[in-house]
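Colleague: Here's a structure for you.
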Amino acid sequence: MYTLLHGFWHYLSQKNEFSVLILGLDGAGKTTYLERAKINFVPNYKSIPMQKITTTVGLNIGYIEVGGIRLKFWDLGGQEELQSLWDKYYAESNGVIYVIDSADSDRFNESRNAFDKMVRNPVLEGVPLLVLANKQDMQVRNFK
């Protein structure tokens, strides 16, 4: 009887929603990436016109369901003053996507510093991480 109840409890308490942080500097393309993902995975999704996407101040939340799993994306603002809020979301995250603007070489060091600070946080130990080099289709600006 215990095994049956334990199995039933396990089935009911299975986690079917996972939270994914989308982090990176402002202007890296985090919100655009989230919008493109929703266009590709959410049937009949009415996207924000790409030219109207601006720098996120605070947080955008997006949901995508794939194979019965609900993914909740937290797109956090990347301005320096907002980066101090990132760690408030680490404990609840099941994955992290770190977006780099690969066309903006002037900000590579700034992005690396933000990335290093993020990955050194012990709360994220063992959390899956994807580093996305965004804007590969654009010409590199100010390469030295």
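Every residue, even glycine, has its Cβ placed from backbone N, Cα and C.
TrEMBL lists GLY24, LEU25, ASP26, GLY27, ALA28, GLY29, LYS30, THR31, GLY78, ASN134, LYS135, GLN136, ASP137 with the feature GTP binding site. The Mg(2+) binding site annotation in TrEMBL covers THR31, THR56.
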Colleague: GTP site residues GLY24, LEU25, ASP26, GLY27, ALA28, GLY29, LYS30, THR31, GLY78, ASN134, LYS135, GLN136, ASP137: biggest Cα-Cα distance, Å?
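Modeller: This binding site's residues have a maximal Cα-Cα distance of 22 Å.
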Colleague: Counting other Cβ atoms within 10 Å, pick out the least crowded of the binding-site residues ASP26, ASP137.
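Modeller: Counting other Cβ atoms within 10 Å of each of the binding-site residues ASP26, ASP137 gives the minimum at ASP137.
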Colleague: Between the Cα atoms of GLY24 (GTP binding site) and THR56 (Mg(2+) binding site), find the distance and write it as a whole number of Å.
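Modeller: Rounded to a whole number, the Cα-Cα distance is 11 Å.
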Colleague: Counting Cβ neighbours within 10 Å across all chains shown, tell me which of the binding-site residues THR31, THR56 comes out on top.
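Modeller: Within the set of binding-site residues, the most crowded position is THR31.
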Colleague: Check each residue in the chain of LYS135 (GTP binding site) that is at least six apart in sequence and keep those whose C-beta is under 8 Å from its C-beta; list them in sequence order.
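Modeller: Correct list: GLY29, ASP101, SER102, ALA103, ASP104.
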Colleague: Based on Cα coordinates, which of the following binding-site residues are within 10 Å of THR56 (Mg(2+) binding site): ASP26, LYS30, GLY78, ASP137?
Modeller: ASP26, LYS30, GLY78
Colleague: Rounded to an integer, what is the Cα-Cα distance in Å between ASP137 (GTP binding site) and THR31 (Mg(2+) binding site)?
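Modeller: Taking the Cα atoms only, ASP137 (GTP binding site) lies 17 Å from THR31 (Mg(2+) binding site).
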Colleague: Please list residues from the chain of LYS30 (GTP binding site) whose Cβ is under 8 angstroms from its Cβ, counting only those at least six apart in sequence.
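Modeller: Spatial neighbours, sequence-distant, of LYS30 (GTP binding site): ILE22, LEU23, GLY24, THR56, ASP75, LEU76, GLY78, ILE97, VAL99.
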Colleague: Counting only residues 6+ apart in the same chain, whose Cβ is under 8 Å from the Cβ of ALA28 (GTP binding site)?
Modeller: GLY78, VAL99, ILE100, ASP101, SER111, ASN134
Colleague: Once the chains shown are all counted, how many other Cβ atoms turn up within 10 Å of the Cβ of GLY24 (GTP binding site)?
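Modeller: Around the Cβ of GLY24 (GTP binding site), 25 other Cβ atoms lie within 10 Å.
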